[in-house]
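Enquirer: So TrEMBL lists the following for this protein:
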- 204-227: compositional bias 'Low complexity' (COMPBIAS)
- 231-356: domain 'Heparan-alpha-glucosaminide N-acetyltransferase catalytic' (DOMAIN)
- 201-228: region 'Disordered' (REGION)
- 134-163: transmembrane segment (TRANSMEM)
- 237-259: transmembrane segment (TRANSMEM)
- 265-285: transmembrane segment (TRANSMEM)
- 306-324: transmembrane segment (TRANSMEM)
- 336-356: transmembrane segment (TRANSMEM)
- 377-405: transmembrane segment (TRANSMEM)
- 466-488: transmembrane segment (TRANSMEM)
- 500-517: transmembrane segment (TRANSMEM)
- 529-549: transmembrane segment (TRANSMEM)
- 561-582: transmembrane segment (TRANSMEM)
- 594-616: transmembrane segment (TRANSMEM)
Amino acid sequence: MLPSALWWLEESGPAHFEGLDLTRLRMDQAYVRVHNDADEDPLWLYSLSEDCVDCPYRRTADVSGEGPHVLTVDTARAATWRFYTNGDNATVPEDDLRWAGCEVPAALGEFGVYDLHVNGSDCMLHTAQPAVNVLFPLASVAVALLALAVLHGAVSLVASCFGRRQRRRKEARRAAAAAPPQHVEALGDYKAQMNGNGRKLLDADTPSASPSPSSSLAPSPAAAPTPARRRVRSLDVVRGISIVLMMFVNHGAGGYWFLEHATWDGLYVGDLVFPWFMWIMGVCIPLSVRPQLARGASRCRLLLQVIRRSVVLFALGVALTSLSTSRLESLRVMGVLQRLAVAYLVAASLAVLMTPRRWGAAAVDLGVGAKGRRPGVLADVVVLLPQWVVVLALAALHVAAFLLLDVPGCPRGYMGPGGVHLDGAYPNCTGGAAGYVDRLVLGEEHLYQTPGAHAVYGSGPFDPEGLLGCLSSVLQVFLGVQAGTALVTYSSWRARVVRWFTWAVLLAAAGVCGWYFGDVPVNKSLWTVTFVALTSSLALVLLCVVYLLVDVWRCWTGSPFLYPGMNALVMYAGHQLCYRLFPFHWQLGPMNTHLMRLLENVWGTLLWILVAVFLYRRKVFISV
């Protein structure tokens, strides 16, 4: 139960209701009293959750006799209940209506109490105690965070204005102290510098003047000075948004199912963070590789740097996965950082080996080609054509493996979760070809033992960051490389935004068409090409918005996401290591409401943002 001071946010009602102890309910639970009005014996309740697609009904409870039978049911997802007079089978196919009685949809709410009257072929569901509004805590916390952000922005603006005024005063005092003594004869020179309108004509000795009289002439492109390169802060901000959302989701996301990962097919908020992080890593590859190639850096040396970073990332990922178990015979081999390492190794190696040197720093600074001409409309695509060939071949290999690989005991093209999916026809076929390759190469004991589909479908061990998904992950990173190439090729912000938005539309169309017409599901666990297309499309839209706000219009500094984005590796590794440590995590009472879980998850995420701010102020940036 909630502390009394917080009941108004997620009111759970009285502690007891008609003999029922509501304090025993957990988050997303309710009581249902089943009344067998026909006094049938036997009578069994079977249920089918909306989260379990193409599944059979599962035996839930024996409700024989008059009752009432008090059941504690899950309310997170809607379900359909069906009553059978034969309960011999643990599961019953959805189209099997033998011994079936009435059927009722059950969309219940947290902490509610319901009466279900069963009378042969009739079912009536009534609400005895209203449920709480589980979305109200989420809205309240969101408003509080927004108010905190506005307050922080107002304080920062006042402090910035005050600091700017103080700096101007100090600069004026230093300039006055350093100025030479004025002489009377200087008056004539000063008058000579006045034009007919009485305005001062600046000469070369004035600090804000042009460096020479000839500087007013239009310089040739070759003689133009190279402007200082300004860091594109929006990239760090997008990376920060990804890592902050990742930490929040990994902490629990307040227990809201739509903020976590989809059980199998589908795209929820939690499914966006990893592909976004992978995509923004690709954006930064051309920003690092191309200037070094333009300065004459050795490709061999750059390739060795890529290999070293990949090895370090992979080793760090294995170390973090050993937090669950360090036994070598059951150590999980793949994981988040391991997938990043493999995808980065391939994408960055292609950039190092196939990027022409003439598309280097000149394009970054001036937006002109190697011969002084401005780049063409498709220059950013043409320069990557050799890399596109390799990446598309890898993506085609990923699709072909699912469609053509002969998996023992499974039909070709199967991409389901196994278990009870399709009435349990293929219980050991979780992930189809992806699961088969991982079991064959890595061994079942080295996979993730309790994947997200386990609780819903009863699936066996399966690794959502397995080997086959690395092929399509390279495409994810390379789509980021394509966005980064547009950034270094074109200097106009309009040209960049137009290209990013165009790519977003094309990828969204490709993802939707592949989903609806190509029968390729949007699935994070399999990292399907439709999943890559849609998540990359959303990442491009996010980059467009953040780029305009932060780098073009400069109406947002990117705070607070800028700071975690500058130390993303520390944020990820740190929140994994401190997952159960105070003060990042705590418990107060039974923690049986969304509000308490949300407060705890937001608290832990905000603490890591403060750690990122501290590291930023200390100029500590850790990478591999």
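Note: Cβ is positioned from N, Cα and C throughout, glycine not excepted.
Unlike curated records, TrEMBL annotations are generated automatically.
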Enquirer: Are the transmembrane segment (134-163) and the transmembrane segment (594-616) close enough to be called in contact, which here means at least 3 C-beta pairs under 8 A that are separated by 6 or more residues?
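Expert: Yes, these stretches are in contact.
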Enquirer: Under 8 Å, at least 3 Cβ pairs, sequence separation 6 or more: does that hold for the transmembrane segment (306-324) versus the transmembrane segment (561-582)?
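Expert: Yes, the stretches contact each other.
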Enquirer: Between the transmembrane segment (265-285) and the transmembrane segment (500-517), are there at least three Cβ pairs closer than 8 Å, leaving out pairs fewer than 6 positions apart?
Expert: no
Enquirer: Using DSSP, tally how many residues of the domain 'Heparan-alpha-glucosaminide N-acetyltransferase catalytic' (231-356) sit in helix, strand and coil.
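Expert: Counting residues by DSSP class gives 95 helix, 1 strand, 30 coil.
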Enquirer: Given the transmembrane segment (561-582), which of the listed stretches 237-259, 336-356, 466-488, 594-616 has the most Cβ pairs that are under 8 Å apart from it?
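Expert: Most Cβ pairs under 8 Å with the transmembrane segment (561-582) come from 237-259.
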Enquirer: Can you work out whether the transmembrane segment (237-259) touches the transmembrane segment (500-517), with the criterion being 3+ CB pairs under 8 Å where the paired residues are 6 or more apart along the chain?
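Expert: These two stretches do not touch.
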Enquirer: If we skip the immediate neighbours and take only residues 6+ beyond the ends of the transmembrane segment (466-488), which ones have a Cβ under 8 Å from one of its Cβ atoms?
Expert: 232, 275, 278-287, 290, 334, 339, 342-344, 346-347, 350-351, 359, 363-364, 380-381, 383-384, 387-388, 391-392, 394-395, 397-398, 401, 431, 433-435, 437-438, 441-442, 447, 495-496, 499-500, 503, 507, 526-529, 531-532, 535-536, 539-540, 543
Enquirer: What parts of the chain pack near the transmembrane segment (500-517), using Cβ distances under 8 Å and only residues at least 6 beyond its ends?
Expert: 479, 482-483, 486, 529-534, 536-538, 540-541, 543-544, 547
